[in-house]
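S.K.: Marked as domain 'Pyrroline-5-carboxylate reductase catalytic N-terminal' by TrEMBL: 21-107. The domain 'Ferric oxidoreductase' annotation in TrEMBL covers 249-394. Annotation comment: TrEMBL describes 204-229, 249-272, 293-317, 347-365, 386-407, 419-442 as transmembrane segment.
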Amino acid sequence: MNKNSSNIMALAPNTSNKRETVCIFGTGDFGRALGHKMIQSGYPVVFGSRSTKTSSLIPKGAEVLSHAEAAQKAAVIITAIQRQHYSFLTPLTEILHGKVLVDVSNNLKINEHPESNAEYLAQLVPGAKVVKAFNTVSAWALQSGTLDASRQVFVCGDDMEAKQTVMNIVRALGLTPLDQGSLLAAQEIENYPLQLFPMWKFPILLSFGLAAFFFFYCLIRNVIYPYVYENKDFSFFIAISIPNRICPILALILLALVYLPGVLAAIIQLYRGTKYHRFPDWLDKWMLCRKQLGLVALAFASLHVLYTLVIPIRYFVRWRMSNRIISQVLNNKTEPLDTTNAWLSDSYVALGILGFFLFVLLGITSLPSVSNNVNWREFRFVQSKLGYLTLILCTAHTLVYGGKRFLSPSSYRWYLPNAYMLSLIIPCMVLVVKFVLIFPCLDKPLTRIRQGWERNPQYSE
Ligand code: NAP
């Protein structure tokens, strides 16, 4: 056989792939943008409109007819119209019978109506096969071609064949259809574009709350206290010193909060002797936003690194260093090298560097492009084992920073301990409980529970 025959076949017009006409109701922003994209993808498009006059805004090559005429020309009808106008479809019920009716509409508020717009449409036009799709794609993205962030199109519907037809159209437009099941999923799909970083709300609010608390705490200890007792003005600490105290504290606490729900879940499962009871809602929600908590923690750790790098060029630090040197010269006395302090300082820095390195590694592996390329065991190894190692290193970094100061009375101002001491409470608790859970007397039953064993089975054979 001729070697080039396949190429010749590919170049020949493929008549069997001719696209079916698609009807779009509504010549508004979304209808026009979708029509434009469909024509580009080879679909003949006919618009159903209240006015059959064409204008320069209508995509070239598209026809504009009355709703009834347009619907008769296609098996798939897309309703690019706001929900409040759907009543105009009632007289078209007969024409729309057996046709695929695609609902693209969105609402202004989450759960605005008792039923989803798609279910409402299905009630209005009972004979049509209603499919929900395209509502997460914006008219602007369709027209400008910048679909990177919104390439996914959620599709749901009760008729499998109708859903498949719509998914084929989605694919032909260069988008990715995601089957979300029956029309019951429509409400969730309609709420989706209205959500504002749902998983980030808790981590961000928590870090704002903690940041405000530690800011005032450090302000009292490091600015107000010296002003009251020594009449020294350290208000400039607000610019770098206090943020550089708050950032590592928040990074450590938030990292510990990533692992705390796992530990609590283990305790609950051990106590109940089963994994088949639901966790309390707050714990479920907490577990769902662990990735976001970890990423916020990484952001604070990175800020801490940046603040630390500028320490040598700070005026206050240079002034203090030169003062110490001058006083040694004036007293004709050099300070001997304190090996213990040198060890403490180097260990503190080394632990910080290693902790930050693993922290970054954790952040990188949580990116979808990376996590999609590792299997479940590899992902768990990185997020759990390396995660705990990061927590150990960062906690050790803070403990060594405290060094000999933990028990020194001068560390307590107005009976308030240093802020970093407070930051150690949750990480130490998590690490101690995790350590206890590793003991075989607890680890074995926990592993069995997670494999499905129950202490008091609900359904005995
Ligand atoms: P739009 O610009 O307001 O257009 C809606 C169209 O509906 C109008 O141009 C009109 O078309 C038709 N219409 C208005 N009143 C009507 C009535 N009483 N009876 C029958 N038809 C009527 O709205 P849009 O931005 O294109 O949005 C259309 C739908 O797509 C909405 O449900 C929206 O939630 C959804 N959506 C929009 C976007 C977006 O980025 N804009 C993204 C996702 C989903 P004719 O003049 O041709 O009749």
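Positions of Cβ are set from backbone N, Cα and C atoms, glycine also.
Predicted automatically and left uncurated, TrEMBL annotations should be read as such.
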S.K.: For the transmembrane segment (386-407), name the stretch out of 204-229, 249-272, 293-317, 419-442 with the most CB-CB pairs under 8 Å.
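M.R.: Stretch with the highest Cβ contact count: 419-442.
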S.K.: Could you give the residue numbers and ranges of same-chain residues that sit at least 6 residues beyond the transmembrane segment (419-442) on either side and whose C-beta is under 8 angstroms from one of its C-beta atoms?
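M.R.: Beyond its ends, the transmembrane segment (419-442) has Cβ neighbours at 214, 217-218, 221, 245-246, 248-249, 252-253, 255-257, 259-260, 263, 266-267, 270, 388, 391-392, 394-395, 398-399, 401-402, 406, 411.
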S.K.: Any residues 6+ beyond the ends of the transmembrane segment (293-317) with a Cβ under 8 Å from its own?
M.R.: 202-204, 206-207, 236, 240, 243-244, 246-248, 250-252, 254-255, 257-258, 355-356, 359-360, 362-363, 366, 387, 394
S.K.: Within the domain 'Pyrroline-5-carboxylate reductase catalytic N-terminal' (21-107), what mean pLDDT does the predicted structure show?
M.R.: 95
S.K.: Tally the residues of the domain 'Ferric oxidoreductase' (249-394) by DSSP class, grouping H, G and I as helix, E and B as strand, and everything else as coil.
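M.R.: Result for the domain 'Ferric oxidoreductase' (249-394), in helix, strand, coil order: 121 helix, 0 strand, 25 coil.
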S.K.: Just give the helix, strand and coil counts over the domain 'Pyrroline-5-carboxylate reductase catalytic N-terminal' (21-107), going by DSSP.
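M.R.: Each residue of the domain 'Pyrroline-5-carboxylate reductase catalytic N-terminal' (21-107) counted once, the result is 32 helix, 19 strand, 36 coil.
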